[in-house]
Amino acid sequence: MELVGRSPHAIRMCICLTLLLLVTTGHSFYLPGVAPQDFVKGDLLKVKVNKLTSVKTQLPYSYYSLPHCKPQKIVDSAENLGEVLRGDRIENSPYVFKMREPQMCNVVCRITLNAKAAKEFKEKIADDYRVNMILDNLPLVVPYKRPDTDSWVYQHGYSVGLKTQYAGRTEEKYFINNHLTFTVRYHKDEETDAARIVGFEVQAFSVKHEYEGKWDDKTRLSTCDPHAKRIVTSSESPQEVEDKKEIIFTYDVEFQESEVKWASRWDTYLYMADDQIHWFSIVNSLMIVLFLSGMVAMIMLRTLYRDISKYNQLETQEEAQEETGWKLVHGDVFRPPVNSDLLCIYVGTGVQFFGMILVTMIFAALGFLSPSNRGGLMTAMLLLWVFMGLFAGYASARLYKMFKGTEWKKITLQTAFMFPGVLFAIFFVLNALIWGEESSGAVPFGTMFALVLLWFGISVPLVFVGSYVGFRKPAIEDPVKTNKIPRQVPEQAWYMNPVFSILIGGILPFGAVFIELFFILTSIWLHQFYYIFGFLFLVFIILIVTCAEITIVLCYFQLCSEDYLWWWRSYLTSGSSALYLFLYAAFYFFTKLNITKPVSGILYFGYMLIASYAFFVLTGTIGFYACFWFTRLIYSSVKID
C-alpha cells in the first residue's frame with residue numbers, strides 16, 4: 001500500500017506513542033514473566049471478587065448485586081478502559097487467607113433471606129450464573145476431568161447454585177453453593193522460604209449447616225467441624241433457597257506445592273481442550289487457500305504475460321485494426337466512479353482498521369497483550385484505532401485528489417465521523433438496553449465521555465493532519481488518458497452480473513477464516529480464553545492474500561468483458577465476505593448458544609453486526625488496493641497510442 005511507504009517516521013511515532021500510552025495506563029500493560037509477587041508463610045492473601053457471568057444471558061452483574069457476605073468496607077479496584085467495557089467490576093471480599101496456613105470450616109457470615117433476596121438468588125441460579133474471583137491476578141477455576149480423555153479442563157468461576165429436585169419428587173427446587181473448598185497451588189523457592197502462587201481452584205458445595213443453641217460468634221457447626229474432623233465433601237443435605245431460610249456461608253482453604261513455575265502458571269488456563277482438531281483444521285484451511293492462491297497466481301501471470309506480449313506485437317506489426325479484451329477499455333478504466341466521495345471515506349476507514357488490526361496482532365503475538373492483563377487487548381485496540389486516524393485521513397485524501405476532488409475538508413470530516421458514528425450509534429442503543437437490565441456490563445457515563453474525548457480530541461485532529469499531508473502531495477497520475485465521452489458497457493453474461501460475482505468473491509476470504517472464527521466466537525460468547533495469536537496472525541496474512549487474489553481475478557474477467565466499472569466492484573467483491581460472516585454468526589447463535597432472553601439476543605446480533613461491518617470495511621479495502629495496483633500495473637505495461 002502506497003501510504004505505508006510514504007511516512008515511516010509517522011508510523012514509528014504512532015507506535016512509540018501507543019506504547020507510551022499503554023505503559024502509562026498502569027497495570028494495563030503486562031509482559032509475561034514480569035513482576036511476580038513472593039509470599040512467605042503467614043502472609044495475607046486477599047481474594048478479590050469479579051463480576052457474575054452467564055453464557056445464557058451474556059449480561060454480567062457485580063458480585064454484590066446479590067446479597068452475598070460483604071467485607072466491612074467494599075473497595076473498588078482501579079479498572080482500565082478495556083475492563084470497564086468488558087463489564088469487569090473487581091472489588092475486595094471477606095475471603096482472606098494466610099499463606100501456607102490451611103483453614104477449615106471458616107464461617108464468613110450468616111444471612112436470613114427475605115422474599116426479594118430469595119427471588120434474586122433464584123433468578124441467577126436459573127440463568128446459570130457463575131461467580132468469578134481473583135487471587136494474585138489469577139482467575140478462580142473449577143477443575144473437572146473430561147470423560148473422553150483423562151485430561152483436566154478448567155471452567156471459569158463456580159456456579160451460584162443449582163436447580164434440581166429431591167429424589168422421588170417432581171417439584172424443582174433451588175439450592176445455593178454456600179460452602180467453598182479453595183485450593184491454592186504455590187511454587188516454592190528452594191533457597192528461600194518465599195513462594196509464588198501458580199494456581200487458584202475451588203470446589204463448591206451446597207450444605208444446610210446445623211448448630212446447637214443460639215447463634216453467636218463462638219457457635220460451632222455440627223455439619224462442618226475441624227475439631228471433630230467433620231468436613232464437607234459433598235452436597236448430600238443441600239441448602240435450599242426460600243424466603244425466611246437461614247444460610248451460613250463457609251469455606252476451607254488448602255495449600256498444595258506445585259512443580260509449575262510462576263512464568264508458566266497461565267499455561268493450564270490457556271490450554272485448548274480440543275487443540276488437535278483446532279490445529280488440524282487451521283492447517284487444512286491454510287493448505288487449501290495456499291493451493292488456490294498458487295493456482296490463481298499462476299493462471300494470472302501466464303494469461304497476462306500472453307495478453308501483454310500479444311497487444312504489444314499487434315502494435316509493432318500494425319495489425320491492431322480491432323482491439324479486443326481489457327485493452328479496449330483503456331480510455332475509461334480510470335474514470336472516477338459514481339459516489340467517489342463515499343469510496344474515499346470507506347477506503348480511508350479500511351486503512352485505519354487495517355493498521356489497528358495489524359499492530360494489535362503483532363503486539364499480541366509477541367505476548368504484550370496476555371489474558372492475565374484483563375482488558376489490555378480492548379484498551380490497545382481502542383488506542384490504536386484512535387492513532388490510526390492519521391492514515392485514514394491520508395489514504396482518503398490521496399484518493400480524493402486523484403478523483404479531481406477539491407473540498408478536502410468535507411471528505412476529512414466524513415472520514416472522521418461516518419464509520420465511528422455508525423458504530424457509536426449502535427453501541428449507544430445496546431448500552432441503553434444493558435442499562436435497562438441493570439447489568440454491570442453497561443458502560444458508565446464517565447467512560448462514555450472518555451470514549452467521546454478519545455474520538456473528538458485525538459482521532460478527529462489526526463484524521464485532519466493525515467488529510468492535510470495527503471492532499472498537499474501531488475495527485476496520483478493515471479497510466480493512461482481518460483476519454484471525454486464514456487463508452488457504453490456491452491451486455492454481460494449472467495455469471496458476470498455484478499451481484500453474482502460480488503457474492504461469489506466473498507466465499508474464498510470467508511473460507512480462509514471461518515474455522516478460526518468459530519474459536520474466536522467461542523472465546524467471546526462462551527467465556528473462554530483465546531491466546532493463539534501467532535496462528536491468528538498467520539490466518540490474517542492468508543486473508544489478505546485471498547482477498548487480494550480473488551478481487552484481482554474477478555476484476556480481470558470483468559475488464560476482459562469490456563466492463564470498466566471496477567472501482568466499487570473491487571471493494572464489494574472481497575467485502576461481501578462480511579455477509580457470510582454475519583450469516584455464520586446467526587448459524588452459531590442457533591446451534592451453539594443457549595441464549596433465551598430477547599435482550600441478550602439483540603445484544604449478540606448487535607455486536608456481531610458491528611463486527612461484520614468492520615470486517616466489510618477491512619476486507620473491502622484490501623480488495624480495492626489489490627485491484628487498484630493491478631489495473632495500474634497492466635495498463636502501464638502495454639503501448640497505447
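Note: Cβ is positioned from N, Cα and C throughout, glycine not excepted.
Noted in TrEMBL for the protein shown:
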type     : residues : note
SIGNAL   : 1-28     : signal peptide
TRANSMEM : 279-301  : transmembrane segment
TRANSMEM : 343-369  : transmembrane segment
TRANSMEM : 375-395  : transmembrane segment
TRANSMEM : 416-436  : transmembrane segment
TRANSMEM : 448-471  : transmembrane segment
TRANSMEM : 492-525  : transmembrane segment
TRANSMEM : 531-559  : transmembrane segment
TRANSMEM : 571-590  : transmembrane segment
TRANSMEM : 602-630  : transmembrane segment
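Contact check: the transmembrane segment (343-369) against the transmembrane segment (416-436) gives at least three Cβ pairs closer than 8 Å, residues 6 or more apart, which meets the contact criterion. Take the transmembrane segment (492-525) and the stretches 416-436, 448-471, 531-559, 571-590, 602-630: counting Cβ pairs under 8 Å, 571-590 has the most. Each of 375-395, 416-436, 571-590, 602-630 was scored by its Cβ pairs under 8 Å to the transmembrane segment (448-471), and the highest score goes to 375-395. Tertiary neighbourhood of the transmembrane segment (571-590): same-chain residues 343, 346-347, 501-503, 505-510, 513-514, 517-518, 521, 525, 547-548, 550-551, 554-555, 601, 604-605, 608-609, 611-613, 615-617, 619-624, 626, selected by CB-CB distance under 8 Å and a gap of 6+ residues from either end.
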